[in-house]
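Database features (TrEMBL):
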type     : residues  : note
TRANSMEM : A:20-40   : transmembrane segment
TRANSMEM : A:52-75   : transmembrane segment
DOMAIN   : A:120-333 : domain 'ABC transmembrane type-1'
TRANSMEM : A:126-145 : transmembrane segment
TRANSMEM : A:157-177 : transmembrane segment
TRANSMEM : A:207-230 : transmembrane segment
TRANSMEM : A:250-272 : transmembrane segment
TRANSMEM : A:313-336 : transmembrane segment
Amino acid sequence: MAFDTDPRAEPVRLSDRVYAILALPAMAFFRLFEWPLRFLQRILGIGAMPYVFLFPNLAFFGIFVITPLILSIGFSVTGGTNLFLQDRPYVGAEQYGYLLECGNHLDPTTCREDRFWRAIYNTGTFVFFQVGFMVLFSLITALILNREIRGRGFFRAVFFFPVLLSPVVVALIWKWILLRDGVLNAALVSMGLERILFFVDPTWSMFWAIFVSVWAHMGFYTLILLAGLQAIPPDLYEAAEMDGTSKERVFWRITLPLLWPNMLVVIVLALIKAVQIFDEVFVLTGGGPGTATQFIVQYIYTTGFANQVQNFGLASAASVVLGVVLFALTIVQLAVTRRKDEG
Amino acid sequence: MTMASTSSSGRPVLGFLTRRREGGQWHWTDVFTYVYLVLGVLLMFGPVVWLVLSSFKTPAGLLEFPPTLLPLGQIEVQVEGYDDPLPLFAVTMEDGTVKELAQIRRIGIMAQMVDPENPGERVSVPINTREPIREMRVATENYIDPLETFNFLRYLQNSVIVTVVATVITLLINSMAAYGLAIYDFKGRNAIMLFVIGTLMIPVTIVLVPTYLVVTQLGMVNTLWAVILPGAATPTGVFLLRQYMLTIPKDLIEAARMDKASEWTIYWRIVLPLSLPAIAVLAIFSVMWRWNDFLWPLVVLTRNEVYTLQIGLNAFQGELDVQWHYVLAMTVVTLIPVVLVFAFLQRFITTGIASSGMK
C-alpha cells in the first residue's frame with residue numbers, strides 16, 4: 001500500500017452537526033458493551049485484551065476469506081456438479097488438465113476448453129491497451145491539472161467523478177450512447193457517414209470496453225499521479241527556469257524521473273484491476289459479440305454460476321489460475337511500493 | 001515561457017500575436033491544456049448530461065432518430081374509433097395548405113392519415129410531406145411508474161440496508177482490530193499484521209465458488225446477509241485505521257489507565273473520537289464499495305425480491321425488449337446518492353485516496 005503522504009497532513013473534519021447525529025446512537029451502542037467487556041477484562045487480564053479486540057475481524061477473515069481460499073483448492077481437484085465438497089468425487093489434476101490442454105497454446109480453437117483460452121487472450125488484449133491508455137491519459141490529465149489554471153478545482157472534479165459511479169451506471173450511460181439509434185450514430189449519420197453497429201462488431205466492442213473502463217477509472221490514477229507531482233520540490237523547477245531550460249527538457253529530466261515511482265504504482269495497480277475486469281464490460285457488451293469481449297472473470301462466473309450446468313470444479317481451477325497471476329502481480333506491487341517508500 | 005524573448009525576436013508577428021498579459025508567451029502546452037480541458041469536460045460530463053436529458057423523454061421521444069436534445073415528444077391525440085392515441089403530423093396537402101392530421105398507419109412510403117376533427121374521412125399521403133408536431137414534454141412518469149410496476153422501491157430499500165448495515169459492521173470490527181494492532185504490544189502482532197496485508201491480495205474474484213459454498217452452508221443464499229457479511233472485514237480498513245491510530249500519543253492511553261478506565265472505554269471514549277478523520281474516510285469508501293457492488297451480489301442474489309439496485313438495473317437492461325425509458329430513469333436515481341456524496345464529501349474522498357492509494 002502506498003502511504004505516500006501522512007494521513008494527518010491535511011486534517012479533514014466531519015461537520016459537527018453530522019457528527020452529533022451519528023454519535024448519539026453510536027455512543028449508546030458502545031456503552032451497552034461497557035460492562036460485558038469490563039468483566040471480560042477482569043477475568044482474562046489486560047494481556048488478553050488485544051486478542052479480544054482482534055477477534056471479530058479475524059473471525060470474519062477466517063470464515064469468509066481463509067476458509068474459501070482453502071476450499072477452492074478442494075473444488076479444483078474434485079468433479080461433478082455438486083456444491084457440497086463431501087459429495088464431490090476426487091479427480092486429481094483433471095480440471096487443470098482439461099483447462100490447460102491445447103494442441104497449440106497460441107490458437108484457442110485447438111484447446112479443449114477454448115472459451116477459457118479465448119478469455120485469456122481477450123483479457124491479454126484488454127489489459128495491454130487498457131493499462132497503456134490508462135497510464136497515458138491519467139499522466140496527461142495529471143500534468144494538466146497540476147498547472148496553474150483557472151477553475152482547477154472544478155476541472156479536477158470533472159475528471160474524478162466517474163470513479164464513484166457504479167459499473168452498472170457507467171455501462172448503461174455508454175450503452176445508451178452507442179446503441180444502433182444512439183446519439184453517436186446520429187452524429188455519424190449527420191456527418192454523412194454510415195451507421196456502425198458497435199456491439200455487433202468484435203473490434204468495436206473491444207474498443208468500447210477499453211474506452212469505457214478508461215473513462216470510468218482514469219480519475220483514480222490521475223489523483224495518485226497528481227499527489228506525486230505535487231510532492232516534487234518547486235525549487236527544482238525554479239532552478240530550471242533560471243537556467244532557461246525548455247519545458248520539454250524539464251518534463252523529461254525533472255518531472256518524469258521524479259514521478260516514476262508513482263507511475264510504477266499506477267501501472268501495477270492498473271494491471272491488477274484490469275486483469276480482473278468484469279462489471280462494466282459484462283453490462284455493456286455481455287461478453288459479446290460471441291466471445292469477443294469475454295474475460296477471465298466472466299468465464300469463471302459463467303462456468304460456475306450462470307450456465308445451466310454449474311461446473312464448480314472448472315470455475316475453481318480457473319480461479320486458482322487467476323489467483324496465481326494476481327499473486328505474482330501483487331508481489332511486484334509490494335516490491336514497487338517498498339522501493340518507492342524507501343526512495 | 002523563458003524561451004519567449006529569443007523566439008519573438010526572430011518572428012515579431014508571431015511574438016506579438018502570442019503575447020500575454022502576464023508578460024510571458026503562449027507555449028504550445030498552453031493551447032493544448034485548454035483544448036484538452038474543454039474536450040475533457042465534454043467527454044466526462046456529456047454522457048451523464050445526455051443520460052439525464054434522455055431519462056425525461058417519452059418512449060416515442062426516445063425512438064426518434066436523429067434524437068432531439070431536449071425531451072420533445074410528438075403530440076398524440078385520441079381519435080374517435082381508435083383505441084390507441086395517434087401521433088399528430090403537420091401535412092402539406094397537394095394544394096399547398098398545411099393540415100394537422102393524425103397517422104393511423106404507415107405503409108411503405110405512404111401514410112394513412114385521419115383528421116381528428118372529422119374521424120370518418122381517411123386520406124393517404126406520401127410520408128415526406130408530413131412533419132411530426134412536437135411539444136416539450138417532460139416524462140416524469142418514467143420515474144414514477146417503476147415505483148409501482150416494478151420492485152424498484154424494494155431494490156432501493158435493499159441497497160440502502162446493505163450499504164448502511166455493512167458500513168456499520170465494517171467500521172466497528174475494523175476499528176476494533178485496528179485498535180488492537182495499534183495500541184498493544186503483544187505476541188503475534190506482526191504475524192497478524194502480515195496476515196491482514198495478505199488478505200488484501202485475495203479479491204472476491206478468485207474465491208467465488210468456495211465463498212458461495214460457505215454462504216450456502218450458513219443458509220444465507222438469497223438473503224441480504226450473504227452480501228453484507230463476506231466483505232465486512234476489509235483489510236483496507238484495518239490498515240487505514242491502524243496507521244492513523246499509531247499517531248495517537250501513548251501517554252493519553254496511559255493516563256486513562258491510571259484513572260482506571262477499562263480498555264473498552266479507552267477504545268470508544270478516547271481512540272475512536274481521535275481517529276474520526278480516518279473513520280470518515282473509511283465510511284465513505286465503504287458506502288461507495290457497497291452501493292456499487294456488483295459481481296458478488298450477482299452470484300448470491302438470484303431472487304427478484306432480494307435484488308439490490310445494481311442487480312435490478314442489470315436485470316432490466318438485459319431483458320429482451322429493453323424499456324429504456326424506465327432503465328434510464330432508474331439509472332439516474334441510482335446515480336443520485338453518489339452525486340450527493342461527491343458534492344459534499346469530495347475533499348474527504350480525494351484526500352483519502354491520495355493518502356492511502358486505495359479506493
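One is the number of the first residue shown, and numbering goes on along the chain from there.
Heads up, the Cβ atoms here are built off N, Cα and C, so glycines get one too.
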Distal contacts, the transmembrane segment (A:20-40) - CB-CB under 8 A, six or more residues away: 52
Intrachain neighbours beyond the transmembrane segment (A:313-336), with Cβ under 8 angstroms and 6 or more residues off its ends: 72-73, 75-80, 88, 91, 95-96, 98-100, 113, 116, 261, 264-265, 268-269, 271-272, 275-276, 296-297, 299-301, 303-305
Interface present between the transmembrane segment (A:52-75) and the transmembrane segment (A:250-272) (three or more C-beta pairs under 8 A): no
Six or more residues beyond either end and a Cβ under 8 Å away: which residues meet both conditions relative to the transmembrane segment (A:126-145)? 152, 155-156, 159, 206, 209-210, 213-214, 217-219, 221-222, 224-226, 228-229, 251, 255, 263, 266-267, 270-271, 274-275, 277, 293, 295
Near the transmembrane segment (A:157-177), which residues from the same chain, at least 6 beyond its ends, have a CB less than 8 A from one of its CBs? 141, 145, 183-184, 208, 212, 215-220, 222-223, 279-284
